[in-house]
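To start, the structure under review is shown below, and the notes come after it.
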Amino acid sequence: MKDTSLALHFVSSGTKESLSAQKDLVERYGHVAAEDADIIVALGGDGTMLQALRDFMNTGKPIYGMNRGSVGFLMNEFVIENLPERILAAQMETIRPLVMVAETDDAPPVEALAINEVSLFRQSYQAARIRITIDGKVRLQELVCDGVMVATPAGSTAYNLSAQGPILPLEAPLLALTPVSPFRPRRWGGALLPKHVTVRMDLLETEKRPVNAVADNNEVKSVTSVTVREAPNSQVTILFDKNHSWDERILTEQFRH
């Protein structure tokens with residue numbers, strides 16, 4: 001007999017493990033079309049969750065993830081039993097994405113949303129040279145580096161963390177501006193920015209030092225400038241088990257050794 005206390009729509013990464021989990025869950029709890037669902041259940045790793053967050057942005061449908069992938073920082077533990085009860089008891093966190101506007105010399109500007117981060121990185125062996133402006137004021141005349149990123153709290157545990165950037169609580173009204181292998185200023189380790197600012201990054205010597213920009217997995221090659229800000233009127237809700245909340249996850253990650 002199916003437990004139908006919640007109308008659930010399941011999405012999976014398509015791997016053998018996630019498809020098997022989806023089959024078992026659908027048999028037990030049923031499956032409805034996304035537009036009829038109370039909750040979206042994502043099965044896979046963090047990549048699957050990021051895709052679900054993009055797909056269901058601004059639909060008002062919370063997303064509950066269960067880990068059937070290799071990286072699952074945004075996912076809950078996979079347990080078949082008592083899924084509706086776990087969902088109803090879960091903590092809700094609101095994710096607000098960034099919007100990137102990337103300009104090039106030979107094409108119209110490209111606009112894309114990013115749940116995790118907007119990153120710039122060098123195309124070749126030549127280091128990137130980047131001028132950074134915050135709300136119209138130049139804060140760094142020239143950053144010489146392999147790359148730089150603007151990360152959301154949700155993305156602060158991903159690429160940002162691997163580049164020695166800070167981990168941010170989901171509710172923190174902040175963005176992390178983090179360099180990748182900075183050469184000059186050598187001791188500049190990045191900055192924490194109020195979430196409402198507009199960050200502009202102008203690329204210098206672009207013919208000699210080409211740079212690509214990426215909003216999560218949306219890449220634009222050979223950019224001349226990139227503007228990043230919090231996307232207005234865009235949000236999605238993610239659900240975490242109470243015994244494994246986001247706060248607990250970031251504390252665990254920071255004391256990992």
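Positions of Cβ are set from backbone N, Cα and C atoms, glycine also.
Features reported for this protein in Swiss-Prot:
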ACT_SITE  ASP46  active site, proton acceptor
BINDING   ASP46, GLY47, ASN116, GLU117, ASP146, ALA154, THR157, ALA158, TYR159, ASN160, LEU161, SER162, ASN218  NAD(+) binding site
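Structure coloured by features recorded in Swiss-Prot.
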residue	record	DSSP (3 states)
ASP46	active site, proton acceptor	helix
ASN116	NAD(+) binding site	coil
ASP146	NAD(+) binding site	coil
THR157	NAD(+) binding site	coil
ASN218	NAD(+) binding site	strand
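Around the Cβ of ASN218 (NAD(+) binding site), 16 further Cβ atoms fall within 10 Å across all displayed protein chains. For the recorded positions listed here (ASP46, ASP146), the lowest count of other CB atoms within 10 A around the CB belongs to ASP146. As a whole number, the greatest separation of Cα atoms within the NAD(+)-binding residue list ASP46, GLY47, ASN116, GLU117, ASP146, ALA154, THR157, ALA158, TYR159, ASN160, LEU161, SER162, ASN218 is 25 Å. With respect to Cβ neighbours within 10 Å, the binding-site residues ASN116, THR157 differ, and THR157 shows the lowest count. Cα of ASN116 (NAD(+) binding site) to Cα of the residue listed as 'active site, proton acceptor': a span of 11 Å. Taking only the Cα positions, the spacing between TYR159 (NAD(+) binding site) and ASP46 (active site, proton acceptor) is 12 angstrom. Taking a C-beta cut-off of under 8 angstroms and a sequence separation of 6 or more, LEU161 (NAD(+) binding site) has the following same-chain neighbours: ILE167, GLU253.
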